[in-house]
Amino acid sequence: MRLILLGAPGAGKGTQAQFICEKFAIPQISTGDMLRAAVKAGTELGIAAKKIMDAGGLVSDDIIIGLVKDRLTQPDCSKGYLFDGFPRTIPQAQAMKDAGVPIDYVLEIDVPFDAIIDRMSGRRVHPASGRTYHITFNPPKVEGKDDVTGEDLIQRDDDKEETVRKRLQVYNDQTRPLVDYYSTWAVQSNASDKVTAPAYRKVSGTGNVDDITASIFAVLK
Ligand code: AP5
C-alpha cells in the first residue's frame, strides 16, 4: 500500500494516518513531523524552517524533495508508505513522478474551512510520535498526556488562528491544484510516465473520527 493523504491543514490527515498505517503496517512519512524534529534538534534546516512554519508558509521544494527521497531509502519503506502533508505543490508531485516513486492511491480528506479553525485551536500533539488529539473531539485518556507514553502533550506554535488562516490560504493557492493534478493523471498519462496513475478517492472528513476511518478503509480496497 503506497498512498498520499491530501487535505487542508486540520482536515484530519495526521489523525487518520495513524489508523491507516497501523492497518497496512506501513510507515507514516509526514514532512511536517520531519521538519518539527529538525526544529527541535536545532539543526540549520530546523532554524530556517521554523521561521517559515510559524508564518504559515511553505518550506522550499528542493529541501522537502531531498528529505523525502532520503526517507524512501530506509528499509521500512519496502512494503509501502503513507505520505502525510506531501506533496504540497505541483513541483513536489512532479519530482516524485519523475523519480518513478509509485503511488496506488491519492486519498483526499475534505473538510470545509470554517470547521478547521475550531479544530486547530483544540489540537494537542505528542511531539515525539506525532500522535494527535483534540481537547473535545478526540481527547486523550488523561488530560494533557499521551495515551501510549503518558508524556506531556503540547500545542503547536502554528495553531494560532491568524497563522491557521494564512496556512489555509497557502493551501488554496499551492496545494489544492494537486486535486486536479492527481484526479486527471489517468486521462493525461503518456508512454513516458515511469509509474502508472494512482486511483483517486475522496472522503468527507467531517463527523465522527471512527466513521471517517471506516469510510477510508471502504475505499482503500
Ligand atoms: P503539517 O504538519 O503537514 O501540517 P498541515 O498539513 O497543515 O496539517 P496539520 O498537521 O495541521 O493537520 P492534519 O490534517 O494532519 O489534521 P490533524 O489530524 O492534526 O505542516 C506544517 C508546516 O510544515 C507547513 O505549514 C509548512 O510550513 C511545513 N511543511 C510541511 N510539509 C511541507 C511540504 N511538503 N512542503 C513545504 N512545506 C511543508 O487534525 C487537526 C485537529 O482536528 C486535531 O486536534 C484532531 O484531533 C482534530 N480532528 C481530527 N479529525 C476530526 C474530526 N473528524 N472531527 C473533529 N476533530 C477532528
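Placed from the backbone N, Cα and C atoms, the Cβ positions cover glycine too.
Bear in mind that TrEMBL entries carry predicted annotations, made automatically and left uncurated.
According to TrEMBL, the protein carries these features:
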BINDING   Gly10, Ala11, Gly12, Lys13, Gly14, Thr15, Arg123, Thr132, Tyr133, Gly207  ATP binding site
BINDING   Thr31, Arg36, Gly57, Leu58, Val59, Gly85, Phe86, Pro87, Arg88, Gln92, Arg156, Arg167  AMP binding site
DOMAIN    123-158  domain 'Adenylate kinase active site lid'
REGION    30-59  region 'NMP'
REGION    122-159  region 'LID'
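Mapped onto this structure are the features recorded in TrEMBL.
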residue	record	Cβ contacts under 8 Å, 6 or more apart
Gly10	ATP binding site	Val111, Ile116, Arg119, Met120, Arg123, Val164
Gly14	ATP binding site	Ser30, Gly32, Asp84, Gly130, Thr132
Thr31	AMP binding site	Val59, Ile64, Leu67, Val68, Phe83, Asp84, Gly85, Phe86, Arg88
Gly57	AMP binding site	Lys166, Val170
Tyr133	ATP binding site	Arg123, Arg124, Val125, His126, Pro139, Pro140, Leu153
Arg156	AMP binding site	Arg36, Arg123, Val125
Please compute the mean pLDDT of the model over the region 'LID' (122-159).
93
Any of the binding-site residues Gly12, Gly14, Arg156 with a C-beta atom under 6 A from ligand 1? Give them in order, or none.
Gly12, Gly14
Which secondary structure state does DSSP assign to Val59 (AMP binding site), in the simple three-class scheme?
coil
On the three-state reduction of DSSP, what should I expect for Arg156 (AMP binding site)?
coil
What DSSP gives for Gly14 (ATP binding site), in three states, is helix
Starting from each candidate's C-beta and looking 10 angstroms out, tell me which of the binding-site residues Gly12, Phe86, Arg88, Arg123 has the most other C-beta atoms.
Gly12
Translate the DSSP assignment of Arg123 (ATP binding site) into the three-state scheme.
strand
